[in-house]
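Structure first, commentary second.
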Amino acid sequence: MSAGSASFLEIQPSELAFPFELMKQSSCSMQLANKTDRYVAFKVKTTNPKQYCVRPNIGVVLPGSTCDVTVTMQAQREAPADLQCKDKFLVQSVAAENGAATQDISAAMFNKEPGKVVDECKLRVIYVPTSSPSPFSEDSEQGSSARSLENGTPNSTLPQSVFRSSGEASKDKSSEATSMISKLTEEKMSAVQQNQKLRQELDVLRKESSKSNGGFSITFLIVVGILGIIAGFILKKT
């Protein structure tokens with residue numbers, strides 16, 4: 001029986017396409033349509049049952065109705081060569097008694113016997129690459145870029161805007177560092193000048209106090225203390 005069609009059920013799509021990404025589950029669905037006036041029982045099999053989860057894997061499709069089957073592929077640690085998958089699915093369908101339900105289905109119903117029609121529809125599995133790059137491609141691009149830069153030639157596969165933006169960022173950082181150093185130098189020079197000025201004023205006050213009283217007055221000590229605090233604060237800041 002050709003994929004996607006059977007005398008009992010019409011199956012869409014004709015192949016199961018799974019978005020493939022390492023270490024992530026992915027799902028797809030198929031629809032079973034009963035175009036007959038009979039109850040139809042179905043069963044879904046796969047060549048790799050450990051890799052897939054099928055819900056429901058058995059059931060009954062009423063006359064003129066449909067049934068959606070979801071197939072979930074388990075996360076994979078390695079990608080197959082060229083993303084080619086050899087897994088296949090088989091949908092078997094047989095006529096069931098009117099009023100039959102899922103619990104009435106048995107494995108013996110799908111046994112091939114003389115005079116009994118068991119339709120079979122095979123579906124292959126295909127992997128669809130996702131938009132996000134795999135770790136292998138990232139490593140390959142990074143290694144290629146590093147080798148190209150070592151040779152003095154940018155990687156032609158990368159946009160030139162990448163290199164321009166990196167250079168502009170380096171220039172901005174260098175400009176900011178130069179500005180910060182200049183600002184700190186100016187502040188330090190200003191603090192040194194203020195400290196020298198305070199020391200000169202302190203010497204003048206000492207000389208004046210020595211001439212007038214022969215000793216240190218209370219006012220002089222207060223002024224000296226204030227100047228000392230200011231000088232200490234400035235020196236600490238620098």
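Cβ coordinates come from backbone N, Cα and C, glycine included.
According to TrEMBL, the feature domain 'MSP' maps to 8-128. Feature annotation from TrEMBL assigns compositional bias 'Polar residues' to 132-168. The region 'Disordered' annotation in TrEMBL covers 132-179. Under the heading coiled coil, TrEMBL lists 181-208. The transmembrane segment feature in TrEMBL is assigned to 214-235.
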Model confidence over the domain 'MSP' (8-128), averaged pLDDT: 96
Helix-strand-coil residue split for the domain 'MSP' (8-128), DSSP-based: 10 helix, 62 strand, 49 coil
